[in-house]
Structures are given as structure tokens and as C-alpha cells.
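For reference, the structure is listed below as C-alpha cells.
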Amino acid sequence: MKRPSADHDAKDSSKVPRSCAPLPTPTADAQQLARLLEVIESEVLPKTAQGVKEGNKVFGAAVLRDVEGYPTLIAETNHEILCPLYHGEVYTIKKLSDLPPEQRGKPEESLFLSTHEPCCMCVSAIVWAGYKKIIYLFPYESTRDQGIPHDLQIMHELWAVERYQACNKFCASAGIPDLIEALPEKARAPLKEQVARITARYAELSQKYHQEKSANSENTLAFN
């Protein structure tokens with residue numbers, strides 16, 4: 001049986017109707033955004049710094065109760081040295097599922113916070129785990145600029161799309177930078193300062209990850 005061409009697949013996929021009732025785009029006020037950034041800076045980043053020392057990438061995540069104050073249920077980071085599937089988001093879901101049921105919270109009553117916009121595997125895992133609201137700090141373009149372009153490339157090569165639908169019937173996602181821009185001008189400055197501080201720290205960790213990876217590759221070649 002002849003395999004349909006890629007062009008045929010693309011034409012067929014374009015006929016798939018989009019949901020007529022997508023979930024609403026997540027919103028957050030200045031206080032809520034400050035709390036999300038605090039979780040990244042104070043709870044995720046320290047674990048990520050340690051993870052990078054061990055050879056893992058810089059991606060992390062947290063699950064928060066979607067109530068006033070956004071209490072943290074868990075905060076974790078990438079552990080792909082243990083398993084290639086343990087991206088920050090997947091590992092966070094895994095570790096949360098290890099907790100007693102009464103400590104996990106209900107996915108539909110939680111906020112999934114990701115340091116970087118989830119890749120196709122991670123956003124699928126988040127949906128399969130039942131989470132409906134996703135907020136992230138760095139979009140795909142920032143991840144690409146940090147030297148990891150795989151998120152965009154895989155979506156393009158596997159499905160011929162630029163990105164997933166941000167709002168659909170299963171989940172809705174939003175980036176912190178866009179949410180900050182939606183605030184009154186006077187509320188933006190302290191949040192932008194916080195983002196700049198976090199961004200600088202992630203740039204340092206990303207550079208360290210790539211330098212050590214490059215050094216390890218050179219050592220392997222020299223040994224062989």
C-alpha cells in the first residue's frame with residue numbers, strides 16, 4: 001500500500017477542525033506574577049543549579065495550588081541524566097505522583113508553572129496528567145537562543161506546525177512576559193527587574209551547561 005505523501009498529510013491535517021470551546025487564556029495580576037517569579041527564583045532555580053552541576057539541562061517546573069497566594073505543592077528540575085524523558089515538567093509530575101494522594105492536590109485545581117515553554121512531550125504529559133492551566137517564563141524563542149532549538153524543530157519536523165495551540169479544550173497556556181505587558185505601566189517595572197535578574201541567572205546556568213557538555217565531549221574524543 002502506497003504511503004501518502006507529506007504534502008497529502010499536511011493537507012489532511014489542515015482539515016482537522018479546531019475546538020469551538022477552548023479554555024480561556026490564563027491571567028494574573030502583579031501580585032500573582034510576583035509570586036510565580038518568586039517560586040522560580042527561590043524554589044526552582046536552586047535545584048536547577050545543582051542539576052546543571054550534575055549534567056542536566058536548565059528546565060524546571062512547579063505545581064501550585066490555584067488559590068490565593070499560590071502555595072507550592074512541588075518544585076523540581078530537569079533530571080535527564082537519570083532518564084531522557086525526565087524533562088523538568090515530566091520529572092515534576094513524577095515526583096508529585098510519589099507523594100500521598102492528599103498532598104498532591106487536584107490537577108484541575110492547580111497551576112502548572114514551567115520555567116520554559118513546555119516542549120511537545122511535556123505539554124502532552126501535562127495534559128495527560130490533568131492540568132489545565134499552564135504559565136511559563138521563557139517562550140520557545142528564548143530556549144532556542146539559549147542554544148536548545150529542539151522544541152521548535154521537533155514540532156516543525158513531526159507535525160509541520162510552529163507550535164501547539166496555546167488555548168484548546170484540554171489546556172490553556174500563557175507566558176509571564178505577555179502577562180506583564182498586559183498590566184498597567186506602573187506595575188511592570190518591578191516585575192521586569194525580577195525577570196531580568198532571573199534571566200541573567202538562567203543565562204549563566206545555560207552557558208555552564210553548554211561549556212561542560214563541550215568539555216566532556218572533547219575529553220571523550222581525546223580518550224578514544
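Cβ coordinates come from backbone N, Cα and C, glycine included.
TrEMBL: automatically predicted annotations, no manual curation.
For reference, TrEMBL has these:
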REGION    1-27  region 'Disordered'
COMPBIAS  1-15  compositional bias 'Basic and acidic residues'
DOMAIN    52-137  domain 'CMP/dCMP-type deaminase'
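As a whole-number mean, the pLDDT of the domain 'CMP/dCMP-type deaminase' (52-137) in this prediction is 97. Residue counts for the domain 'CMP/dCMP-type deaminase' (52-137) under DSSP (helix as H, G, I; strand as E, B; rest coil) come to 28 helix, 24 strand, 34 coil.
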